[in-house]
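Trainee: Structure in structure tokens, see below.
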Amino acid sequence: MPTTWTIAANAGRARIFSDADNAASLKEVEDLVNPAAQQRVLDIVTDKMSPRSAQNSGHNIGGGQGGGFQHAAPAGAQGNDYQPAVTPAEHETQKFAKDVSNYLQQAHQAGRFQQLVISASPEFLGVLRTQIDPQLKSLIKREVNKDYTHSNGQELRAQLDAHQDKSA
């Protein structure tokens, strides 16, 4: 019988359970934690000067007497309207999803599981989907859009079974 791993995850934590021994409770095999999820955004962002902030400093970059490069904003651009495409918190969430995906990939290659059930908070589930390798995606037998990271193995199994009954 194939071993199924069940993942209960959110942006701060991914708990991985196994049903290898077919007990009433799932057995926890790994607890991955994203320490950046506990940090404030100000602690994640570095204090290095970006090219955008250098542009407003009035200093030349890269040389002496007129030989340096002067930053200039595009025509019509304001100096303080820059919005990053991804916030620091979103970037850390993407990195954590990639770490979870890499862990799963290595475990699958080692033959530790053959099927996956993923239960994750809606936000993290979307990010995790973008990071999971296509080979792993083919192993997913069910996805649940709920955060059950605070559940133990027995509670998780009961909640997933109840969720399956509602969707059937």
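Keep in mind that glycine also has a Cβ here, set from the backbone N, Cα and C atoms.
Annotations for this protein, taken from TrEMBL, read as follows:
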| type | residues | note |
| --- | --- | --- |
| COMPBIAS | 60-69 | compositional bias 'Gly residues' |
| COMPBIAS | 70-79 | compositional bias 'Low complexity' |
| COMPBIAS | 158-168 | compositional bias 'Basic and acidic residues' |
| REGION | 50-94 | region 'Disordered' |
| REGION | 148-168 | region 'Disordered' |
Trainee: Go ahead and report the DSSP secondary structure tallies for the region 'Disordered' (148-168): helix first, then strand, then coil.
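Mentor: Its residues fall into 15 helix, 0 strand, 6 coil.
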Trainee: Who are the chain neighbours of the region 'Disordered' (148-168) in space, where the CB to CB distance is under 8 Å and they lie at least 6 residues beyond its ends?
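Mentor: Here the qualifying positions are 6, 8-10, 12-15, 17, 19, 24-28, 117, 119, 142.
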